[in-house]
Amino acid sequence: MAMQEKYPNDRSHATSPGSNVIQKGSSLGTEWQTPVISETFRSRFSRCSSIADSGDTAIGTSCSDIAEDFCSSSGSPSFQPIKSHITIPTAHVMPSTLGASPAKPNSAPSGPSSAKLPLSGLTEGVGMTRNGDFGAVKRSPGLARDFMYLPSAAGENGSQQSWFPAVGHEREGEMRKFDVPSMESTLNQPAMLETLYSDPHYRAHFPNPRPDTNKDVYKVLPESKKAPGSGAVFERNGPHASSSGVLPLGLQPAPGLSKSLSSQVWQPSPDPWHPGEQSCELSTCRQQLELIRLQMEQMQLQNGAMCHHPAAFAPLLPTLEPAQWLSILNSNEHLLKEKELLIDKQRKHISQLEQKVRESELQVHSALLGRPAPFGDVCLLRLQELQRENTFLRAQFAQKTEALSKEKMELEKKLSASEVEIQLIRESLKVTLQKHSEEGKKQEERVKGRDKHINNLKKKCQKESEQNREKQQRIETLERYLADLPTLEDHQKQTEQLKDAELKNTELQERVAELETLLEDTQATCREKEVQLESLRQREADLSSARHSFQDKQSVEEANGENLRVDMESQQKECDSLRKMVERQQLKMEQLHSQVQSQKQELAQEEGINQALREEAQRRETALQQMRTAVKELSVQNQDLIEKNLTLQEHLRQAQPGSSSSPDSAQLACELHQELASCLQDLQAVCSIVTQRAQGHNPNLSLLLGIHSTQHPGTQLDLQKPDVIRRKLEEVQQLRHDIEDLRTSLSDRYAQDMGENCATQ
């Protein structure tokens, strides 16, 4: 009675169909029905899932509240079947609860929407998510950073092609259905536990189921706090390594259990034989076993959903630069290292979870074996059922571990293939970089060659500009020379002026001669008059002396008579007349002196004119001398050209009987003939100009400026004919004769000028 009053919930549910089935199974021992989840457990589990959906990791909830939830649900009959209408014979192992018909609304969906996993670590960079529930991602801000990097991130080409594991579609059915292994259940299962839970390569995600109105929607677990027994710290900003690393979201513990609660649940009671505490502990153990079984089912569903991924997420390889390829390779290596660290941490977490499962099973075994008699049969039956289900789950877990190990091997093979491809890509990048460097060197050499060519062209341009400047200066000097050259009218005027000046010069010379003769005559007359003046002066002196003597005599002989006075008066008159004559002669001498001065001035002017004429004649003589030297040089050059022409003609005559010359030599000979013809024409023009200037004629301006008539191009083909060569020789001989005539005329003119200069000097 005490036990019945202490567990009223068990008694109240005795009339339920689940309790009837249990009593029937205990009495008959032939049929077993799978347990069903109680309503209180479902409400508690929905509360846990709501906490998980909100992104909270049971931090705000206290351990006492969770413990009260567990203790309040301990009175409910937790040994009720999940599928109440499925019977399994005793001779076989109990099948999994996931093996029910897919037509049930509560069963897991077979499509990829049953478990919607977002991409881990790539939601920000790639912006791709599975077409599932985006609300779970939005509700938890740390999900995008806490998603696990899948092992097959490196594709076939060594780049990030596919972010989902490449599992065939034929394994999808294997993930969804479970085969019942043919093994019998026993009470002692430590060896099976050690063999099945000792594999550290187990990888699985344990999403938190969220009950809705008609079906259970499985969502991703949020970040949890530090798991009991592990050194990993789960933060909201993403998995940061603490002491033993981070854990993926699928391997986190249930959000409804905190650290204190799990330690309270799994630790043995200090007084196991107290009936009230044993009942609470058994209820918590049963609830924990239900949680483990549900997590295993969810793991199987999750793995079945993970095996089906579309292949349309594999992006094509972009055509990038070598530097971008190198950065991509470095980032891929970094991601592979991070994935290896995550795999190691997941293995550690799996081993810790296996250890916890072993401890929980040992506690359950100890609690069930140490339970007093009132619930012995029911507990033994329930324990056998749980052991059968546990063996089945262990077999499924072994199959899963084998499949995951095979998948790991495939991923390692893909990783090795991707590493080989990365190595090939690196080698190709090295080759391309070498090619680019070689091409860069070639381009630099080309640029240097072009720079040299440009510098040479600049130098040539500078030389040509200097030559053009010199030519421009030459043209300016020629223009000045042409401007200074007199025209025909100016030349005629200058010749007329020269003739007039020569006539004036002759007239002035004649006048000078006349004036010189007149001057000589006047000088002679002046001399005679001076002699006369001297004689007159002497006579005057004699007369003055005689006068004095006469005066003396007069004084002595005043009284000698009047005859003497008459004589004196006559002599005085004679002296006056002589004095007047002398004055007249002096005036005439002054006039003659002034005339001589004017004649001297005119002679000085005439001498200046003669000096200017002499200088002009000297200039003309120097110009004639320069022309003679130029004509001599031209004659020498003409002689050399004639000799060269003759030698070339002889060579051509010698080469014609033998073999015909090459086209290059023929072209050169043709060009030489053309140059000789142009030189011959220039020499003829110079000779004509010099002869015209020597003869006093006006030169031909067209010849002086070098303006030639254009030669007909047909004459270039006739240079090799003997008639043309003979005619050219005659022209050269005529030119030589003209040069000789010019030389003789220049020498005659020079001799004449020299004679005139000597006569004038």
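We number each residue from 1, going along the chain as drawn.
The backbone N, Cα and C atoms fix where each Cβ goes, and this holds for glycine too.
Note on Ser16, Ser101, Ser269: Swiss-Prot annotates phosphoserine at Ser16; no matching annotation appears for the rest, which is not proof of its absence.
Swiss-Prot lists region 'Disordered' at one of the ranges 226-279, 496-549, namely 226-279. Residues in the region 'Disordered' (435-472) partition by DSSP class (helix H, G, I; strand E, B; coil) as 38 helix, 0 strand, 0 coil. Mean predicted confidence for the coiled coil (723-749): the pLDDT average there is 76.
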